[in-house]
Every structure is written in C-alpha cells, then in structure tokens.
Amino acid sequence: MSKISMLLICLFIFHLLSAASVRGRKIGIYEIKKGDFSVKVTNYGARIISIFLPDKHGRIDDVALGYDTVEEYENDTTSFGALLGRVANRIGGAQFTLNGTLYKLIANDGANTLHGGPEGFSRVVWNVSKYEQDGPYPHITLTYHSAEGEEGFPGDVLASVTYALEDPYKLSVVMKAKALNKATPVNLAQHTYWNLGGHNSGDILSNVVQIFVSHITPVDEHLIPTGEISPVKNTPYDFLKPREVGSQINELQSGYDINYALDSSAEMKPVAIVHDKNSGRVMDLQASAPGVQFYTANSLIQKGKGGYVYQPHAALCLETQGFPDAVNHPNFPSTIVTPGKAYTHKMLYTFSIMKYWNSC
C-alpha cells in the first residue's frame with residue numbers, strides 16, 4: 001500500500017468517525033504513532049480500529065480487522081477491536097451470587113451473558129482524558145463510569161484503558177478499574193482481531209502460533225466452563241511447541257474458542273507468539289492476567305474495511321483475561337473487585353520481522 005493511499009484511507013475514516021455521535025456524545029478517532037508504526041483508536045467502545053506495521057519488504061499494512069464507519073461499529077456483533085467489560089467472556093445462566101445476593105444479568109448469548117451484556121463497555125462512548133499523538137511517549141487514556149445496575153451488575157465502577165507506543169514496535173495496553181461503592185466482578189479484555197498478513201489477506205490457518213500454557217478450562221456445549229482445569233497434552237489445544245493454526249483445527253467442531261490457564265505467577269507472563277510466514281511479521285504477547293482466550297473467528301462472515309468480506313478464520317484473537325464464568329466457579333481465580341482495592345490488567349505486544357522460524 002502506498003503512503004498516499006494510506007493517507008487517503010486515514011482521512012476518509014477520520015471524516016466519518018470524527019463527525020459522529022452516540023446519544024449526543026461526540027465520537028472521534030485518535031492516532032498514536034512512532035515512525036511507520038501507528039495505532040488508531042476510537043472512543044466508541046475504546047476500540048482499536050487499525051494497526052499499521054511494516055512487513056519484511058517494508059510494505060505497510062493494517063493488521064487489525066474492522067470497519068470504515070462508526071455506524072458499522074454501532075451495529076457490530078463481532079466486537080472488533082473493543083474494550084470488553086464490565087465482565088468479558090461468558091457468565092453462565094446470566095446470574096451470579098455475591099455476598100449472599102443473587103444478581104440477575106441481561107442474557108445476550110442464549111441463556112448466558114457475553115462480554116458484559118448487550119450494552120457492555122464496547123457500546124458506550126468513553127471520555128478521552130489524555131492524548132499525545134507522537135513524541136517520546138505517544139499514548140491515549142480513555143475512561144468510563146459504569147453506573148450501579150448497568151446490565152444488572154452491582155455498584156459503580158470507574159474504568160480506564162491506556163494505549164501507548166514504546167520502542168521498538170511495542171504496543172502497551174493497561175486496563176484499570178475501581179469499585180466505587182460495592183464489591184463487583186470486573187474482567188476487562190481487549191478484543192482485537194489480528195491478521196498479521198494484513199486485514200484483507202485471507203485466513204490465518206498458516207500462521208505459526210506458540211502458546212506458553214499447559215492447561216485449558218474445558219467448556220460445555222454452550223461454551224460455559226465446566227469448572228475443570230485440564231492439560232493440553234495430546235490434544236489439539238497443545239501449542240506449547242510452535243505449529244500452524246490449521247494443523248489440527250479439523251479435529252475441533254469449528255475451531256479454537258477456549259480459555260488457557262496461564263502457568264506463570266509472575267506479574268508479566270509470556271502468553272503467546274504469532275508468526276505470519278508470508279509477511280514475516282511476528283507478534284509476541286505478554287500479560288498480567290491469569291488466562292487467555294484463543295479464538296479463531298470460526299463463524300465470521302462480515303463485510304469490513306474497504307468492502308472486503310471477512311470469512312471464517314480470517315483472524316485470530318488472544319484475549320488475556322480472568323477465567324470465563326469465574327463468578328460461578330470458586331476454584332477459579334477471583335474476578336471480584338472491592339472498594340479500596342484497584343484492578344489492573346496489563347498487556348504488552350512486541351512486533352518484529354522474522355523471515356524464517358527454524359523451529360516451525
């Protein structure tokens with residue numbers, strides 16, 4: 001893609017998004033950049049809407065799936081690039097009990113609650129509290145006040161996310177939350193759909209992935225965890241050694257959509273490495289959360305940027321998080337946040353170029 005074409009696309013998206021509003025609140029687009037590395041964010045859902053990176057030939061591509069207009073994001077059912085909350089992933093039966101009180105949520109995934117409910121954090125307008133486009137520390141901080149009773153959850157929560165660029169080719173994501181008056185579950189996750197070959201380059205089945213995790217939390221037919229924590233050894237979920245995404249995907253019903261229980265107890269843990277052999281791009285992910293949802297866009301059929309139609313397996317997601325349905329499984333790491341004890345979830349993406357990965 002030429003620099004002129006990139007500029008025209010950026011100006012087109014800026015025009016469409018910057019003039020939009022939801023419930024009277026202005027929606028904007030904000031770019032942070034370091035040289036040929038840039039990330040664009042909108043305050044509608046605190047979403048990452050594009051990530052431009054060079055490949056092994058110096059070509060710049062957008063490696064995040066998404067849309068061209070804010071209207072498409074408003075009607076989105078995929079959560080492209082969204083900041084998910086108050087509780088990402090699923091809550092079984094759309095209910096939980098906390099301190100003796102039963103809380104009934106809004107079901108939006110059959111009988112379950114998914115990604116905070118139908119009007120979760122991905123469908124609200126966030127406030128931009130800090131923004132520095134370039135310089136030594138390009139970053140943007142967005143905040144959202146979630147009121148008591150929103151989607152059925154107890155208490156008021158003040159949430160924030162900071163996206164920042166660091167050298168060389170590093171994207172930092174720091175999610176924070178405070179329970180202002182009551183204990184409440186909080187599980188924030190960043191839901192970018194990655195295709196390191198470029199958002200319109202086809203499927204990711206030939207991507208080589210290594211996930212540094214030896215256990216998963218198995219699920220039932222509704223994707224609700226059973227409460228078990230099972231080893232990946234001798235299963236299609238074993239990515240302890242790097243291999244192609246598609247190498248065993250046919251052994252699963254539709255593809256990967258499972259939470260891995262990270263092995264390390266360190267503050268920042270190695271999570272995964274993804275290598276797109278055609279472009280040479282590599283993404284290395286570290287995070288502070290106890291789990292990561294590996295998802296391969298199994299049923300995706302969606303018109304996206306530039307009219308390109310994304311097909312099943314057009315991207316992969318690595319959503320670091322607390323365990324799904326942790327509020328209903330006492331043996332899982334707790335996702336309950338109490339007043340006076342803040343929640344912090346850090347992610348660090350490091351991008352590089354590798355023409356060959358000899359261990360693959």
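Placement of Cβ uses the backbone N, Cα and C atoms for every residue, glycine included.
Since this is a predicted model, take the numbers as computed values, not measurements.
Feature annotations, courtesy of TrEMBL:
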type	residues	note
SIGNAL	1-19	signal peptide
BINDING	Asn89, Arg90, His191, Thr192, Tyr193, Asp257	beta-D-galactose binding site
ACT_SITE	His191	active site, proton donor
ACT_SITE	Glu319	active site, proton acceptor
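Looking only at the recorded positions Asp257, Glu319, the densest Cβ neighbourhood within 10 Å occurs at Glu319.
Taking CA atoms as the reference points, Arg90 (beta-D-galactose binding site) and Glu319 (active site, proton acceptor) are 13 Å apart. Arg90 (beta-D-galactose binding site) counts 22 other C-beta atoms within 10 Å of its own C-beta, drawing on all protein chains shown. Asn89 (beta-D-galactose binding site) sits 9 Å from the residue listed as 'active site, proton acceptor', counting Cα to Cα. In terms of C-alpha distance, the listed binding-site residues His191, Thr192, Tyr193, Asp257 place His191 closest to the residue listed as 'active site, proton acceptor'.
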